[in-house]
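Record features, source TrEMBL:
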{"type": "TRANSMEM", "residues": "20-44", "note": "transmembrane segment"}
{"type": "DOMAIN", "residues": "23-515", "note": "domain 'K+ potassium transporter integral membrane'"}
{"type": "TRANSMEM", "residues": "64-84", "note": "transmembrane segment"}
{"type": "TRANSMEM", "residues": "150-172", "note": "transmembrane segment"}
{"type": "TRANSMEM", "residues": "192-211", "note": "transmembrane segment"}
{"type": "TRANSMEM", "residues": "218-240", "note": "transmembrane segment"}
{"type": "TRANSMEM", "residues": "265-285", "note": "transmembrane segment"}
{"type": "TRANSMEM", "residues": "297-317", "note": "transmembrane segment"}
{"type": "TRANSMEM", "residues": "337-358", "note": "transmembrane segment"}
{"type": "TRANSMEM", "residues": "395-413", "note": "transmembrane segment"}
{"type": "TRANSMEM", "residues": "419-441", "note": "transmembrane segment"}
{"type": "TRANSMEM", "residues": "448-470", "note": "transmembrane segment"}
{"type": "TRANSMEM", "residues": "476-496", "note": "transmembrane segment"}
{"type": "DOMAIN", "residues": "527-789", "note": "domain 'K+ potassium transporter C-terminal'"}
Amino acid sequence: MDLNYSKCWSASKKESWKNILLLAYQSLGVVYGDLSISPLYVFYSTFAEDIHHSETNEEIFGTLSFVFWTLTLVPLFKYVFIVLRADDNGEGGTFALYSLICRHAKVSLLPNRQVADEALSTYKMEHRPEKKSSSRAKLFLEEHKSLHTALLILVLVGTCMVIGDGVLTPAISVFSAVSGLELSMSKEHHQYAVIPITCFILVCLFALQHYGTHRIGFLFAPVVLTWLLCISSLGLYNIFCWNRQVYKALSPYYMFKFLKKTRKSGWMSLGGILLCITGSEVMFADLGHFSYDAIQIAFTFLVYPALILAYMGQAAYLSMHHDASSQISFYVSVPEIVRWPVLIIAILASVVGSQAIISGTFSIINQSQSLGCFPRVKVVHTSNKIHGQIYIPEINWLLMILCIAVTIGFRDIKHMGNASGLAVMAVMLVTTCLTSLVIILCWHKPPILALSFLLFFGSIELLYFSASLIKFREGAWLPILLALFLVTIMFVWHYATIKKYEYDLHNKVSLEWLLALGPSLGISRVPGIGIVFTNLTSGIPANFSRFVTNLPAFHRTLVFVCIKSVPVPYVPPAERYLMGRVGPPAHRSYRCIVRYGYRDVHQDVDSFESELVDKLANFIRYNWSQSPLNFDSVNEDGGSRSSEGRLAVIGMLASDFDLEESVRPESVSISFPTVNSVSDVIEMENVGVMDKRVRFAIDESKSDSESEFGATFAADALLQEELQELFEAQQAGTAFILGHSHVKAKQGSSILKRLAINYGYNFLRRNCRGADVALKVPPVSLLEVGMVYIV
């Protein structure tokens, strides 16, 4: 695929106002679809049961005051002015915050981490002076391993609530828009028309997902812009027509007056008021597609005023129509002459808002899968020009079934609103907690500032969360049930993935074993390229030793490929491939580490296979250009020893990495070549493990020109020979060697662990996509090696 990895905006160059305004306009259709349709159901959900509209208007004005200050404090102050600045190389969302924290503190549970990953250009960290207080907080977090697990569970809970919102938002949005038919139809006809029409629209919406949004995406922004202008115009009309004094209700005094009168019922009704901020999290999650300035301008100068006018207009109308207490909805405030056009625009806007959350669900599941927290699913890239547009068939149809089930099962905006509100507030609470950690660990601000942020916004969100939680029997049980189910699946998968990696790490075969394989042992080398997939970044995987033991032959060109994720949003293609030798050049064995970020697009295997050969050829040329005839691999005690060679980033620049084997994740020496050919070597110490260090001693005795000429000539001949063998092996064909694993818990393990591993993980493994499908390995070239993991 020819994917465009460049960002939509460049942080290094100042943007022109024209580009910023264009991005702000485009963000309307992607970011604000869900947030802009909330006026359809906020007042209806608030007055559904707990409180009633009275002639004093205290309930209406109190609700408007709550809506105004909630919109002002949470989306405007919290997200637009604070959270949006906690970006990860311009990317936002739950995993962006988690990756930022993992880069600034050693709290990540991801396996096969390498110090070499810190040399990535996207692995940049702020170099602000670290204060003693933030340093103490960092040490406390790093020392307690239980906090690492708690942090991961917190991130997984936020992720699962986003997925739950992907089930609920399309249902409540489309259902609320279609419910406008009740004013144009009899009650009998309306009862049997709204549900089928809603389900039909939802089926069409999910059935069109595989085409991608890039084909009709240009319509999204005009639809949302038209909707925002429509509701703001209706709001102004109702204000001037019915009650011009409604602006007084914006005073916080009316909130206290509202709670004083309604007491417990008013607190319970907050579960409907909080729906006015649904979709606020999307501003942060979709930050990578736009700039901070564009999102800030679009919300501050268009979306926010339009929403405030819409809510004020509804309150102005209802303040003069007390007989409509049994029919408080958005459409009663719409003049009858424009009701049908508004209904059509509302349905289109609800579809756009639903599309945004569905695409966000696909994206966050793909990120979870990249970080080893979700079973393998098929990811289809719907655009070869726009980076990040994906479609996941299994998740799409599951979401469709669940959305239709919610619509048919609840048949009520109130219950849908209770469920959606709890999911929204749970995600916001997770974001608040993670942002407070970013303030301390990444921004190096005083802990009192982070604590103030956590207490102020966390108390607001906890108030709304408690109001939603009290509606457990009235719909709020659904997101909790979904979250428990998904968190269990994700945590079990992640736990088993780490245990499998630890098993591979402790059962890997030494390099000497591989080099000893030869004709004397009856081992033959067959033509072609053998690509062995492994999770290890050093050593020989156990599945390869099992393969050679049962079939005493392997390919003349052998490549150990490790496809790993790093805690950055994306890895530039020029820095993706980390190449090195396994053993001496004559053995024709190589190691390739392919690094992807959590938002990166994994390429298909055809382009990967050809690109891998190209990168190998480039590495061979680079490796021989370093005068390998002058290098002797020796131990620190001077003894001869075979080892893994240097790892080089093969791309636009060539950077070397010395790989040092150890029982735990590797210790790595990094050299950064500069313009003046001066290398600064950084030794990274491995924690608590006696590592075997390999050094490369340069023999400077051959300094005369005749010896140099002879060495160069010999090196060129060997280079051409190795390249020729590589291309001949490519012509002979490629075989992909994968491990087919079965995981069992150790004897004596707890019942919970045995249930999770023996039944839970193995059930998921059998029913999810196989590694060959996920890696798009051609079946005709696949060799699977059975492995039993005892963890």
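One is the number of the first residue shown, and numbering goes on along the chain from there.
Cβ coordinates are placed from backbone N, Cα and C, and glycine is handled just like the others.
The recorded stretches the transmembrane segment (419-441) and the transmembrane segment (64-84) share 3+ CB pairs below 8 A when only pairs 6 or more apart in sequence are counted, and are therefore in contact. Within the model, the domain 'K+ potassium transporter C-terminal' (527-789) shows a mean pLDDT value of 70, rounded to a whole number.
Long-range neighbours of the transmembrane segment (192-211) within the same chain, counting only residues 6 or more positions beyond its ends whose Cβ lies under 8 Å from a Cβ of the stretch, are 170-171, 174-175, 178-179, 181-182, 185, 347, 351, 354-355, 358, 380, 382, 391, 393, 396-397, 399-400, 403-404, 407-408, 411. When Cβ distances are compared across the two stretches, the transmembrane segment (395-413) makes contact with the transmembrane segment (150-172), since 3 or more pairs at least 6 residues apart fall below 8 angstroms.
Long-range contacts of the transmembrane segment (150-172) within its own chain (CB-CB distance under 8 A, at least 6 residues past either end) are made by residues 34, 41, 94-95, 98, 101, 107, 109, 198, 202, 205, 278-279, 281, 285, 353-354, 357-358, 360-361, 364-365, 368, 373, 399, 402-404, 406-407, 410, 413, 416-417, 419-420, 423-424, 426-427, 430-431, 433-434, 478-479, 482-483, 486-487, 490-491, 494. Here the listed stretches are 20-44, 64-84, 265-285, 337-358, 448-470, and the one with the most C-beta pairs under 8 angstroms to the transmembrane segment (297-317) is 20-44. Among residues of the same chain six or more beyond the transmembrane segment (265-285), those with a C-beta under 8 A of the stretch's C-beta atoms are 31-36, 38-39, 41-48, 50-51, 62-63, 66-67, 70-71, 74-75, 79-80, 83-84, 92-94, 162, 165, 169, 258-259, 295, 299, 307, 311, 353, 356-357, 360, 363-364, 414, 417-418, 420-422, 424-425, 427-428, 431, 463-464, 466-468, 470-471, 476. Among the listed stretches 64-84, 218-240, 337-358, the one sharing the most Cβ pairs under 8 Å with the transmembrane segment (448-470) is 64-84.
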